[in-house]
Amino acid sequence: MAKLLYIKANPKSNQSSRTFIISEHFIKVYKEFHPNDQIITLDLYKEGIHFLSQEDINDIFAPKTEASKHHHILKYAYQFAEADKYVFAAPMWNLGIPAILKAYIDYITVSGITFKYTEQGAVGLLRGKKAVHIMATGGEYKTLPFSDFEMANRYLKTILGFMGVEDFKTITAQRLDIVGEDVEKIMFTALKEAEEIAKGF
């Protein structure tokens with residue numbers, strides 16, 4: 001039985017967020033094809049994720065003990081390390097990821113839990129795991145010159161790669177706010193892609 005961590009980074013409802021419309025469909029299909037897997041939903045806004053304080057940083061860099069697994073910050077890093085698969089439902093905001101997702105990434109990118117330092121430098125500890133990023137965007141960022149502006153999916157892929165997650169897929173619904181676009185068709189295409197990836201994820 002695999003453990004999937006479903007990470008939601010948007011204050012909107014499942015019905016009003018176009019990212020969540022796709023991600024909820026992904027999860028629905030995933031459940032159908034992986035009925036024995038455990039799915040843990042982590043709504044970052046409901047979790048009360050915040051920016052790290054000086055005290056938080058001191059705790060993160062302190063030696064880890066058995067009690068660290070219950071620390072209000074470190075528990076998220078341990079949870080992330082224990083999962084086998086990750087689904088990130090995070091829209092593009094101003095070319096990047098929502099700030100709350102960056103704050104969460106600061107919670108989970110912890111030396112000794114999700115990566116470690118060696119004589120050769122940093123080494124990810126999450127090898128063999130897989131992730132998918134589901135993202136809705138108002139514009140189009142697949143081709144130049146706008147692809148150079150895209151720092152949401154690129155950052156998430158990079159930081160997960162740093163932690164050892166090399167199997168990374170992306171499902172995007174782009175051009176949703178461009179005048180004259182067929183939004184219904186764009187969403188339909190993204191939902192079909194989500195179905196296909198969910199089946200074998």
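Cβ from N, Cα, C; glycine included.
What you see is a predicted model, and the numbers here were worked out from it, not measured in a lab.
Here is what Swiss-Prot records for this protein:
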BINDING   Met92, Trp93, Asn94, Leu95  FMN binding site
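For the recorded FMN site, residues Met92, Trp93, Asn94, Leu95 set the reference point as the centre of their Cβ atoms, and the other residues of that chain within 8 Å of it by Cβ are Pro91, Gly96, Ile97, Thr137, Met151, Ala152. Using a 10 Å radius centred on the Cβ of Met92 (FMN binding site) and all shown protein chains, the other Cβ atoms total 22.
Minimal Cβ crowding within 10 Å, among the binding-site residues Trp93, Asn94, Leu95, is found at Asn94.
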